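Annotated features in TrEMBL:
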DOMAIN    23-516  domain 'Major facilitator superfamily (MFS) profile'
TRANSMEM  72-92  transmembrane segment
TRANSMEM  168-192  transmembrane segment
TRANSMEM  212-231  transmembrane segment
TRANSMEM  309-329  transmembrane segment
TRANSMEM  356-376  transmembrane segment
TRANSMEM  388-407  transmembrane segment
TRANSMEM  413-430  transmembrane segment
TRANSMEM  451-472  transmembrane segment
TRANSMEM  492-511  transmembrane segment
REGION    520-542  region 'Disordered'
């Protein structure tokens, strides 16, 4: 086994401390902003349609009804944000490995804050200009949100201990649920305030100040992200990046000692001494020559990590198709429960949409996240992902089978809403959470953020397929809504989504490994060991994440000069690296 760096071993064994919970909140604000902007756009489009698209029967006849924004416009506002997220995942993920997690982290959050404000601060008052400005800033917002995914997951995985790592990363991801809830609350508050201020206007009477309401809702998403900017910038670089990528073990030890109290390096040293006493004496043979480092997508990378990258990216892609499609499916759910658009004004319609989103979040989304946090370290990532995919398929098929014969005319029954809510619960319990966790645990430190970004980009491409594809495919062949092309119908669209979930289940079973209770370095070592069978050589001299033999000697010499490290160990040899190495 490759020699371990003592500060990293101590991190794996560290008790849960206050800083871990602080890191959850700081890292989770990006995910909070993501879900806020994703879910507030539906009620915002209701107000936007009332302001910029005239009702049916008007002079220009440009809209299909009061408050109805044309589907091409809805597709554009959703699609540009997802395309931006794809770019952000790839670019910021790569920068996180090249420049450092901490340096890129603040820039990513700052981009989200500025683009959230820019989404609402458009000075345009014409339809075309306002829409162009909104799409531009939502693209930039998507870039920031996409970049936050790999950085947040990687930072949390590298700070956490091995026993609670999965639960902590799941807690970061669960901030999405609270983003949905706050998004709905802000939308309801703004809509109610404007409705009251304007004297409860008639359904087809949209006051001029409605153009201000949707802007306030969008800009409010910048507030929580801006409040955490200082704490993001004050976070130290993760010890794993400093030790394994920057090759500065002493700085890693000093940095992590400033934020985590009682980091017991001496206990790790005692375990090493006990293990050395029980092991046979090392064979004094000259070490093998250092093997050359390998790059991303090199032949060696594909051999060692290609299977894991495929598993993470493909599972995320398959998940986001039904997950984002189900988000758009909400309009079919809440429509029978609230008055039609022609009988309410712009503020009341936006209020009703946000109210329904809040109910779904409280009843299914947030409980799903909490269930994942409770079960992730008991059931494991792989089992939870398979269970989630299976349950999603079951509930989607339950909606699809009797849809034309029963659900279409009985959409107001409790069973219909329960089945729909359970699809969200199952997704958040399983693959929606685990696809965020696994890429942060499977790859070496110098590729971890990049590979997570590539996996997340694949997911956003799936979201793009689900969001836009489902919007059109769900239309009936003989009765498509105005502005839509005929599709395959809701029943067949739901069957397709259920089949995609079963495909995700099969892919997880065949390709996804388990990472529970293992350190990040152990996950990498096991992959290397498997790939080197019959390889004609050994990487024993490389150390974790490709630390080569001569580099370990340099680190050992530097570590012996560190007063912080010397104080943490009573041994006479190197305080950072183990006494005995299999070199």
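Using the three backbone atoms N, Cα and C, a Cβ is placed for every residue, glycine included.
In TrEMBL, annotation is done automatically, which means it is predicted and not curated.
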Which one of these stretches, 72-92, 388-407, 413-430, 492-511, has the most C-beta pairs shorter than 8 Å to the transmembrane segment (309-329)? 492-511
Intrachain neighbours beyond the transmembrane segment (388-407), with Cβ under 8 angstroms and 6 or more residues off its ends: 319, 322, 416, 419-420, 422-423, 426-427, 429-432, 434, 489-492, 494-495, 497-499, 501-502, 504-505, 508
So are the transmembrane segment (212-231) and the transmembrane segment (168-192) touching or not, going by 3+ C-beta pairs under 8 A with a sequence gap of 6 or more? yes
Of the listed stretches 72-92, 356-376, 492-511, the one with the highest count of C-beta pairs below 8 angstroms to the transmembrane segment (168-192) is 356-376
Do any residues, 6 or more residues outside the transmembrane segment (356-376), come within under 8 Å Cβ-to-Cβ of it, and if so which ones? 39, 42-43, 166-167, 170-171, 173-174, 176-178, 180-181, 183-185, 188, 330, 333-334, 337-338, 384, 420-422, 424-430, 432-434, 437, 516
Near the transmembrane segment (72-92), which same-chain residues lie under 8 Å Cβ to Cβ, leaving out any that are not at least 6 residues past its ends? 37-38, 41, 45, 104, 108, 131, 134-136, 138-151, 449, 453-454, 456-457, 460-461, 463-464, 467-468, 471, 483
For the transmembrane segment (451-472), give me same-chain residues lying six or more residues beyond its boundaries with a C-beta closer than 8 angstroms to one of its C-beta atoms, as numbers and ranges. 71, 74-75, 78-79, 82-83, 85-86, 89-94, 96, 146-147, 149-150, 153-154, 305, 308-309, 312-314, 316-325, 327-329, 435, 439-440, 442-443, 484-485, 487, 493, 497
The domain 'Major facilitator superfamily (MFS) profile' (23-516): mean pLDDT? 86
